[in-house]
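Taken from TrEMBL, the feature active site, proton acceptor covers 188. For 12, 13, 14, 15, 16, 17, 18, 106, 113, 130, 131, 132, the entry in TrEMBL reads NAD(+) binding site. TrEMBL lists 93, 99, 132, 163 with the feature substrate binding site. Positions annotated as domain 'Lactate/malate dehydrogenase N-terminal' by TrEMBL: 7-147. Among the features that TrEMBL reports, domain 'Lactate/malate dehydrogenase C-terminal' is placed at 157-324.
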Ligand code: NAD
Ligand code: LMR
């Protein structure tokens with residue numbers, strides 16, 4: 001091994017995304033084939049035994065890059081020395097639960113996790129929040145980690161990005177590798193806006209190649225935005241392997257960089273670009289290099305896109321106001 005192991009903390013490790021994620025991290029797909037990893041799994045006490053079972057299986061894979069697995073039910077311990085934090089465990093919406101109840105229940109998870117990251121994380125920590133509502137959970141965690149640079153807290157919209165690429169490629173009869181520069185704007189929710197106006201397909205503008213406004217407005221956008229619900233309906237459970245895959249993609253590109261001539265979508269604290277209020281965690285087109293991301297600037301936003309971006313951003317500001325009222329940020 002050429003370097004010291006990177007500490008990767010995964011919360012909700014015994015859940016379905018955790019099971020799809022951990023083996024890929026341990027095999028080197030998160031950080032690269034030269035980077036050994038130490039896994040630190042955080043679970044609630046009732047699920048620690050299941051996490052221990054997963055740890056046995058990880059051992060049985062004899063992954064050359066896996067330098068150890070530790071299991072915790074205490075956030076402060078789990079995030080001690082963490083370099084990459086994947087916050088997957090969250091409180092799902094249960095029957096009769098209002099949006100405010102959901103935000104409050106998740107505040108009970110992401111506030112102490114933000115505090116634990118603040119207390120013990122390594123200086124280079126990078127945080128990805130997967131657990132829903134991902135953008136606002138990331139905001140809660142970030143606001144309880146004042147000593148960590150705010151931009152290190154990100155939320156996952158890469159699954160939406162990948163879904164949109166796949167739908168567009170299918171429509172145009174091309175491969176996913178032919179599609180570049182697609183953007184997800186806004187919230188990881190049904191209000192998100194998958195934008196093909198700057199996307200390219202084999203070097204040509206994607207919206208022009210599609211040339212079908214009805215498909216765009218009535219099929220593509222709602223299909224991508226409601227894909228999570230479609231998966232739940234079909235599988236009887238929310239997306240897991242594809243979500244884990246997107247988490248791998250998100251962190252991999254953040255750490256190792258995005259390819260020349262392309263960009264990806266990440267939920268990140270807004271710096272005010274594109275009229276998105278500063279501070280809310282919203283999805284933008286970004287390029288990554290040297291372990292940092294940068295918002296792609298200068299894209300022209302036509303009215304069709306503007307109203308959809310604004311609608312999703314409005315939902316994010318409402319979520320922020322709701323958690324503010326609950327004293328969570
Ligand atoms: P799951 O219910 O299978 O697993 C969640 C796990 O989190 C459980 O094992 C639970 O014990 C654990 N957990 C709960 N509270 C915890 C805490 N305080 N600390 C540590 N662990 C805790 O759920 P899943 O299918 O793995 O999904 C996890 C989350 O990811 C959900 O919120 C889901 O909605 C979300 N999700 C997000 C995206 C996205 O694109 N952003 C996609 C799919 C799913
Ligand atoms: C998804 O996009 O698949 C999930 O966020 C859906 C969900 O509600 O868990």
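Each Cβ is built from the backbone N, Cα and C atoms, and glycine gets one as well.
Counting every protein chain shown, 24 other Cβ atoms lie within 10 Å of the Cβ of residue 14 (NAD(+) binding site).
Around residue 18 (NAD(+) binding site), taking its Cβ as the centre, 25 other Cβ atoms fall within 10 Å, counting all chains. If you compare every pair of Cα atoms in 93, 99, 132, 163, the residues listed for substrate, the longest distance is 25 angstrom. Ranking the recorded positions 99, 132, 163, 188 by the distance of their Cα atoms from the Cα of residue 14 (NAD(+) binding site) places 132 first. Distance between Cα atoms for residue 16 (NAD(+) binding site) and residue 163 (substrate binding site): 19 Å, as a whole number. Cβ neighbour density within 10 Å is lowest for 99 among the recorded positions 93, 99, 163, 188. There are 20 other Cβ atoms within 10 Å of the Cβ belonging to residue 132 (substrate binding site). Among the binding-site residues 12, 14, 99, 131, the ones whose Cβ sits under 6 Å from an atom of ligand 1 are, in sequence order, 12, 14, 131. With respect to ligand 2, the binding-site residues 16, 18, 113, 131, 163 contribute no residue with a C-beta closer than 6 angstroms to one of its atoms. Using CA atoms as reference points, the binding-site residues 93, 99, 132 were checked against residue 113 (NAD(+) binding site), and the closest is 132.
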